[in-house]
Amino acid sequence: MTVLVALFCLVTWTLCTRIPQYSTQGTQQPQQPEKTPHPHPQPEDAFPPTHATDLKIHDPSIIHVDGTYYSYSVGRHIRIHQAPSLDGPWERTGAVLNADSVIPKGDRKAPWAPQTVHHNDTYYCFYAVSNSGCRDSAIGVATSKSPGPGGWTDHGLLVQSGTGKGSDEHPFTSSNTIDPSVFVGEDGHGYLMFGSFWSGIWQVPLDESLLSVAGDTSSEARQLVYMEKAPLPASKHPNPLCREPSGARPIEGSFLSYHEPWYYLWFSYGKCCKFDTKNLPPPGREYSIRVGRSKSPRGPFVDKQGRDLANGGGEIVYASNRDVYAPGGQGVLTEKSGDILYYHYCRYPVIQEIEVDADLTVNKSTSYDFWV
């Protein structure tokens, strides 16, 4: 089945330097980076090339409303940027929250990995609070009648793991409640996907308000992505909420989309950040974008070899190539022209272990079939 996917690429904040300074005027193209041998070379036609704009961002969520594009990303109180087109010019216009998250755990000032959806004349921004490397985490939600800054109400806790109410119930006893993603079908049923490392990616149904889990989570939860054999060693952290006794499984950042007649579950696999060019992970261990599909939003999702994503499957859609290193943190924006897969990546060469701004890129003319 042919799927039209335009690549809307966001160079991640994490660990990327030698990033050219881009003009913020109109849609002027960026300077080309220095030609440097890639640590994991790919054939030139292995993946579509990228195209940069002026947006500096990390972990984006993109929606399109009445001719304006809105981007939501990690940052103080969840940053909002707006633009008249995906090319830009992008302008930071404010934040979702007008104060720290009301959830009393994790990084309340700068919630992680937000995702914004529109349903029943309301905008919902789902976000996570946590501390890096630990699963004492929570997912919250804010709502507004408009997508821009101002007018948002923080409803607080939706689900949590590690500590707090409900964290002693399955699947929160073994999962990490970050990287929220919500899908609402044409029938109005909503589903929350979440998870990072530990027991992989899970899904629970939401009630009609999208503000609470529907039914009993123990019986309704579905494990969507997992691998039995952990590819990374176990942590020796003294806090049991910050170690994985059976080893680490680098699975996170899920996103569910629909392209008739299939539901596609996208996720990121591998090391996302804190790279050292003198000691890069083995080829294939850095971030890449993977996918599976199902005839049901509840799964099971399989790759084109028929492997269940809950048993180690996952079709690689985009990986390191050219000056792209460790792409991930993806989402899908459905436009009249087709489905736009957007994500962030590190621009190679990656040369130091600090966080810096990075840049939005877009390719709106790439058509490829990742399932054949």
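Heads up, the Cβ atoms here are built off N, Cα and C, so glycines get one too.
Feature list (source: Swiss-Prot):
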SIGNAL    1-16  signal peptide
REGION    23-52  region 'Disordered'
ACT_SITE  D59  active site, proton acceptor
CARBOHYD  N120  N-linked glycosylation site
ACT_SITE  E252  active site, proton donor
CARBOHYD  N363  N-linked glycosylation site
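With a 10 A radius on its CB, the residue listed as 'active site, proton acceptor' counts 25 other CB atoms from all the protein chains. A straight line from the CA of D59 (active site, proton acceptor) to the CA of E252 (active site, proton donor) spans 12 Å. Using a 10 Å radius centred on the Cβ of E252 (active site, proton donor) and all shown protein chains, the other Cβ atoms total 25. Here the C-alpha separation of N120 (N-linked glycosylation site) and E252 (active site, proton donor) works out to 28 Å. N120 (N-linked glycosylation site): 10 other CB atoms within 10 A of its CB, across all protein chains.
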